[in-house]
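Participant: First the structure, then my questions, so here it is.
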Amino acid sequence: MTVYAIIGGSGLADLEDLRNRKSISINTPYGEPSGDIYIGDYGGREVMFLSRHGEPHRYAPHQVNYRANVWALKETGADSILAFNAVGGINHAMGAGKFCVPHDLIDYTYCRQQTFFDKDLDKVTHIDFSKPYTNELRIRLITALAAEGFDFSARGVYGCTQGPRLETAAEIIRMERDGCDIVGMTGMPEAALARELELEYACLALVVNPAAGKSSSEISMAEIESVLQVGVSNAKAVLVRLIGSDLR
Ligand code: HPA
C-alpha cells in the first residue's frame, strides 16, 4: 500500500485527527527537518505528517530545510507526498477560498538548496521535470475535491517566489504574462527534491488572498487568517477522503 506523507503549510501545522500517533525525530545528512515526523492512523491507514514551517511556526519560506524534510520523509518510508500550500490568486478565476491542483510551476526562487545531487557525484544527474507534479496523484486529489463538493480548479501554474515579502504589483503582472495562475513561496525546491528521490508529489493549493495589485485594497493578514480557517478544515476533509478511498 502507498505510504502517504502530508506536508502541512501555513494554517496546517497539525493534523488533530492523526490517531495513535508517534513522533519520530530524525537527523539527516542535510541537517534537521522542520520538526518531528508524526505517524498515525488517518483515514483508516498509516500516514505521516510534517509541518513545513515547524511547530510553532519557526521557519520562513526561504529558511525551510526542504532537503532535510523530503529526505526524512523518504527515509521514514513515505512513497507519496501530498503538499498543502496557501497561495495568492493571480488568474481572476482563482478567488479566495478556492482550491487549485497545479499541473505545472515556474520557479522564481534563488539561493535555496535545490538538489540532492551536488556532492560525491559519479555522474551528473538531470531529472526529467517537464511535468513537476505526479499526474496520478493529482487525479486522486481532484477526485477527492469533487467528491467533497468544494470549489476547485483542476489545473494551474504555480509561480514560486522567494519571499518572505509579498510581491509587487508589477511582479505579479510579469508572473501573469509568464502564465502563472497562483503564487506561493514554498512549492520549490520541494517538488523537485521529491522527484529526485522518486517520490510521488502533488500540491493542494488553497487561495487565501488576491495576489498583489489584484484587488483595490492591500493584502490583509486578518483576511488571510479567516480564509485559512475554513480552507484548512476543508483541505483536511479532502485529504482524509483521498487517503481513505485509496486502496492501493
Ligand atoms: N504571494 C506569495 N505567497 C503567498 C501569497 C501571495 O500573495 N499568499 C499566500 N502565500
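Each residue's number is its place along the chain shown, starting with 1.
Every residue, even glycine, has its Cβ placed from backbone N, Cα and C.
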Participant: Which one of Ser10, Ser220, Ser226 goes with Arg52, His53, Thr186 at the phosphate site, as TrEMBL has it?
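Facilitator: According to TrEMBL, the candidate sharing the phosphate site with Arg52, His53, Thr186 is Ser10.
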Participant: Tell me, by DSSP, whether Met221 (site 'Important for substrate specificity') is helix, strand or coil?
Facilitator: helix
Participant: How many angstrom lie between the most widely spaced Cα atoms of the substrate binders Met185, Asn209, Pro210, Ala211?
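Facilitator: Max Cα-Cα spread across the substrate binders: 15 Å.
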Participant: Check the binding-site residues Arg52, His53 for other C-beta atoms within 10 angstroms of each C-beta and report the one with the most.
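Facilitator: Ranked by Cβ atoms within 10 Å, first place goes to Arg52.
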